[in-house]
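Worksheet for the structure shown next.
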Amino acid sequence: MGSEEFQTARGTRDVLSPETWQFEAMRRLALRWAVRYGYELIETPIFEKSPVFLRVGASTDIVQHERYQFVDAGGDDLTLRPEGTAAVARAYVQHGLASAVQPVKLCYYGPMFRRERPQAGRFRQHTQFGVELFGSRSPLADAEVMLLGCRIVDAAGLRNPEIRVNSLGCDRCRPQYRRALVDFFTARREELCQDCQTRLEQNPLRLLDCKVDVAVRQEAPDLENYWCDDCRAHITTVIEIVAASGQIIRRDRHLVRGLDYYTRTVFEVGHPGLGDQVALFGGGRYDGLTANLGGESVPSVGFGMGIERLLSALPTALPTLVPDRAYVAHLPGFERQAYLWALKLRDEGIAVDADMLERSLKAQLKEAGRRARLALIVGGTEWSQGNVAVRDLTQGSQDVVALEEVVEYMKTRLQEGEL
Ligand SMILES: [Zn+2]
Ligand SMILES: [Zn+2]
C-alpha cells in the first residue's frame, strides 16, 4: 500500500491475474462470434474531437454530465470516448465506407470513459464490446445484431438470455407520439419527479423509463398506437425472425434507451437469473447518425456490451486461457543446466519457470507446487544416466524419463491453453 496520492484514480481499478485472463478470454469469445457473423474488427482512438460525441445527442446524460472533456496544450477540444458508436460512425464517414460493398459490419472492443457517480460495480473506465452494421434497412440486420449478442452471452455461460425490444418510430410517426406524450405528461406534471419535470419538453420519451414515476407512465399513451405502417411492419418482422430462431424476445413498451440517435428498433438483453433491471447489452437502429457526422444518411444498427458487468454476472468463470506450467528445479551446482533446459522447453511450446533465487531443491519444489503442475529435477543419479526425474506436483508421483523423450512426455501430461 503506497500513499493515497499514488492510488488508482476514483472510479478506476487495476485488474490483476487471474481476472485479467477472464477479460482476455471474454475478448476472444466475443471476437470469435463476431467473426462467425461476418464482422471486421475496428479500433478507433481513445479520444476524439469533442463534436464527434456531442453529435450523439445534446440531451443525454453522457453528453451533459459524464464526459471527460479537456483542451490539450495545443488548444484542441478533445473528449475521451464515452461509447463506441459515434466514433465508429465517424470512421465510417471519414474513410468513405459508404461507397464500399454494403453492409459494412464492424465490431470494436476497448475501454470507454464516463464520469459516473461512484457506486458498487460502476467504473469510470469500463470495457465495451460492440458491433455496428451499416447500410441495411432490413429487419434482418436488427435481428442479426441482437442474435449475435445473445450468442456471446449464451456462450459465456448465461444460457437463454432474453431480449426486450421496442420501436421508437420514425421521422414520420414519432413527432405525433412525442406530442401526445408531452400533452399527457404536462397534464400530470405535479405527479412527476424533479428530473422528469425538467426533461419533459426536451426529451419526453425518457419519461417512459423513469424508475420513479412508474405509476404515471403505466397510463401513458403506447407508441404502438402511433407507429406508421412501415414502422409496424419492421418491428413485427424483427420479432418474428428472432423468435423463429428460437431466441426469446418480447416487446417492452417502456423501453426507450438513453441515447437520442435511435430510430425505430431499440433493445436490451437481460437474463431471468439477474432481475429486470440488469441489461447485459443493448442497442438499436440509428439511421440518422452518419448524416449528423457529415456523411450521407446510412441506415445502421448495433449494440454495446459492458464487459465488466457481463463477467460479474457469469455463474462460473470462463475456461482459463493459461496452459499448465512446468518448473525446472535443480540440485546444487546444476542451476545453469536447469535454466538452459527451461529455455529449450519454452522453445518447444511449454510454459516453464526455473529458479532465480538460489533456493534449495526443497524450496524450489515448494515454489513449483504453487505455480506448476510438473517439475523436472536436473542433477543427481538420473541425470548422470541421461534421464531426468519428473515429479507430478498435484499427485506427488514421480517418473524417470529419458532426456530425448522428455518434451513429448511433458506435452502429453500438460494441458494446453489458448495462449
Ligand atoms: Zn414510422
Ligand atoms: Zn421521473
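Just so you know, the numbers here start at 1 and follow the chain as drawn.
From the backbone N, Cα and C atoms, a Cβ is placed for every residue, glycine too.
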Among Arg114, Arg151, Arg232 - the residue TrEMBL places in the same L-histidine site as Glu83, Gly84, Thr85, Gln128, Glu132, Arg257, Tyr261, Tyr262: Arg114
DSSP state at Gln128 (L-histidine binding site), helix/strand/coil: strand
Max CA-CA distance, Å, over listed L-histidine-binding residues Glu83, Gly84, Thr85, Arg114, Gln128, Glu132, Arg257, Tyr261, Tyr262: 21
